[in-house]
Amino acid sequence: MHHRHSSPVQEEMLGPLARGALCLLAVSIVLCNGDPRSDATRSAAVLSLEDYEDSGDDSSSFSFTFPETRPRGLVFGFYDETCPDAEEIVSSTVRRLYHADSNVAAALVRLFFHDCFIHMPSPPGRRVQGCDASVLLDRVGGRRSERDAGPNKSLRGFGAVEAIKQRVEAACPGTVSCADILALAARDSLVLVGGPTYPVLTGRRDSTASFYYEAAVAGNIPAPNATYAMTLDAFARRGFTERETVALLGAHSIGKVRCRFFTDRIYNFAGTGAPDDSIDPDMVGEMRAVCGGDGGAPMEMGYYRQGREVGFGAHYYAELLEGRGILRADQQLTAGSTVRWVRVYASGARGEEVFREDFAHAMVKLSAIAPLTGSDGQLRISCSKPVEEN
């Protein structure tokens, strides 16, 4: 077991690093975190980092070597020769969109997650595909698309992706895939809201089809009311450990949740006629005040770090330990073995640092789920339409 306090990589990351730098140590990807935020709420229930370091859990050490995190065809700087400004165009356009509407950051991150989580076999004899921009496609020939599936009906950010694509196309026609644009935009969005940066490999190609039925199957995309066992199962089927799962759910620290996703928890949980007893009573009052007397108001709530500020950070985990989880799937992280990672991440400045590192590693892994590369798939001109309809 690697002890984090003795890791030379960890020591290197304690100082501020330039945004976007790629740090390579042997064959391991070293992630470049900014200064850790230390304003997460402290809790008496927090597990000490000494306990965490001595827990004997095999998943407590990360070493993402290239064979595990760089599928065939993905490389650093795939467009250096064919479209050298591609990544800067994506980054600058995401910044412009964010300054116009800060909600776009969470929308793009969620869109990327939903895209990668739908696994479908590509044509016979070819690979399974995951991060392939299939979620961006509209209906084709009247056939339902992933957008029509229940878990995806609340997705936003499609217009933002198209805006980025148009700028990239103007500079480099028919060169940069929508799948790569979405992967880069998700990373850039996280940085804008205070998250860690991490290396994004490129070279993905776009799916020729959208997979409605796979997206609609219960459990393929974790539901807002999922138990922790259901959430762990969904992530495990994509190759994620318990620790990686808890870290990735920290993305819920940004963005906001519509009331309809948690109304039952504050009025009539599981048909009891009463609120979910895992919610702090004061939180129930706050949620009802936001959502209105009948819970049907089109309002939103988020995991606010200070005042009404929404931003990336481990404050999300501190809220869960206080019984202030907005979604049942969030609060359920304290209901089983996953609570140990919630406690680690909520344990002050050092816990925040561990969370940021873990989250960045998990995003590298998410970004590598079964992309189409080489001659597979296609390069769309419009991200919402396959090539034959452009």
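A Cβ is built for glycine as well, from the same backbone N, Cα and C atoms used for every other residue.
The active site, proton acceptor annotation in TrEMBL covers HIS114. Counting every protein chain shown, the number of other Cβ atoms lying within 10 Å of the Cβ of HIS114 (active site, proton acceptor) is 20.
Under the heading Ca(2+) binding site, TrEMBL lists ASP115, VAL128, GLY130, ASP132, SER134, GLU146. Within 10 Å of the Cβ of SER134 (Ca(2+) binding site) there are 30 other Cβ atoms, across all protein chains.
Around PRO222 (substrate binding site), the same-chain residues at least 6 positions away in sequence with a Cβ under 8 Å from its Cβ are MET230, THR231, ALA234, PHE235, ALA329. Under the heading substrate binding site, TrEMBL lists PRO222.
TrEMBL lists 73-387 with the feature domain 'Plant heme peroxidase family profile'.
The site 'Transition state stabilizer' annotation in TrEMBL covers ARG110.
Confidence across the domain 'Plant heme peroxidase family profile' (73-387), taken as the mean pLDDT and rounded to a whole number, stands at 89. The Cβ of ARG110 (site 'Transition state stabilizer') lies under 8 Å from the Cβ of LEU155, ARG156, GLY157, ALA251, GLY255, each on the same chain and at least six residues away in sequence. For ASP115 (Ca(2+) binding site), applying a Cβ distance below 8 Å and a minimum sequence separation of six or more within one chain yields GLY130, CYS131, ASP132, ALA133, SER134, VAL135, LEU136, ALA179, LEU182.
For GLU146 (Ca(2+) binding site) paired with HIS114 (active site, proton acceptor), the C-alpha to C-alpha distance reads 9 Å.
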